[in-house]
């Protein structure tokens with residue numbers, strides 16, 4: 001049995017989570033979960049983070065509609081990081097881009113490599 | 001110009017870094033950098049982390065030979081997480097697996113889905 005309490009959380013009780021598109025394999029975002037968010041994500045199949053700014057559960061897409069359906073949750077070797085493979089509806093980023101990692105460093109300069117989606 | 005000091009580091013001066021294989025798009029590992037590690041990674045083209053356990057710079061592969069050649073560094077929208085696309089020699093994980101995320105949670109149980117490489 002998998003027990004969320006067996007993971008290693010930081011001093012704030014949080015673990016970093018990488019969300020990856022299960023089909024395109026694009027890395028969409030990194031956010032945080034506490035043990036209860038891990039439990040809720042597995043129980044509901046809807047990826048649920050802990051918002052550090054709001055100090056509240058954050059059911060991804062609850063207000064925007066840009067939900068993340070859980071395809072698979074994976075644990076790393078040190079048990080201090082998670083990878084969630086997701087079925088992402090719409091953009092993952094609050095800037096309306098598919099991924100939060102839309103800025104590349106090329107030849108020492110920052111280059112925006114992804115446009116916000118329309119609509 | 002990109003300035004590593006413009007990133008948002010945590011209370012320990014660290015930022016989480018997702019390493020992704022640039023060709024297969026597999027998520028290999030998550031580790032941490034401080035500002036100097038970001039600078040060194042960009043200058044050398046060899047991905048360099050800050051080891052929290054050893055409290056020292058960690059030039060990935062320096063002892064194992066399993067180096068990560070930097071292909072591209074990306075910054076997320078909040079500037080508090082990095083994505084490095086890498087050319088990974090051999091396994092990224094200290095367990096000799098390609099990725100650290102070799103344990104999946106399926107039907108409530110942990111399943112090891114990747115074998116260590118031989119040799």
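Note that Cβ sites are derived from N, Cα and C of the backbone, with glycine treated the same way.
Copied from TrEMBL, the annotated features are:
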{"type": "BINDING", "residues": "B:76, B:78, B:80", "note": "Mg(2+) binding site"}
{"type": "BINDING", "residues": "B:77, B:93, B:100", "note": "Zn(2+) binding site"}
{"type": "DOMAIN", "residues": "B:29-102", "note": "domain 'Phosphoribosyl-AMP cyclohydrolase'"}
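All features noted in TrEMBL, drawn onto the structure.
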| residue | record | Cβ contacts under 8 Å, 6 or more apart |
| --- | --- | --- |
| B:76 | Mg(2+) binding site | B:82, B:83 |
| B:77 | Zn(2+) binding site | none |
| B:78 | Mg(2+) binding site | B:8 |
| B:80 | Mg(2+) binding site | B:7, B:8, B:9, B:10, B:15, B:16 |
| B:93 | Zn(2+) binding site | B:28, B:29, B:99, B:100, B:102 |
Inquiry  = For a quick check of packing: other C-beta atoms within 10 Å of the C-beta of residue B:100 (Zn(2+) binding site), how many?
reply    = 25
Ask   = Taking the domain 'Phosphoribosyl-AMP cyclohydrolase' (B:29-102) alone, what is its mean pLDDT?
value = 97
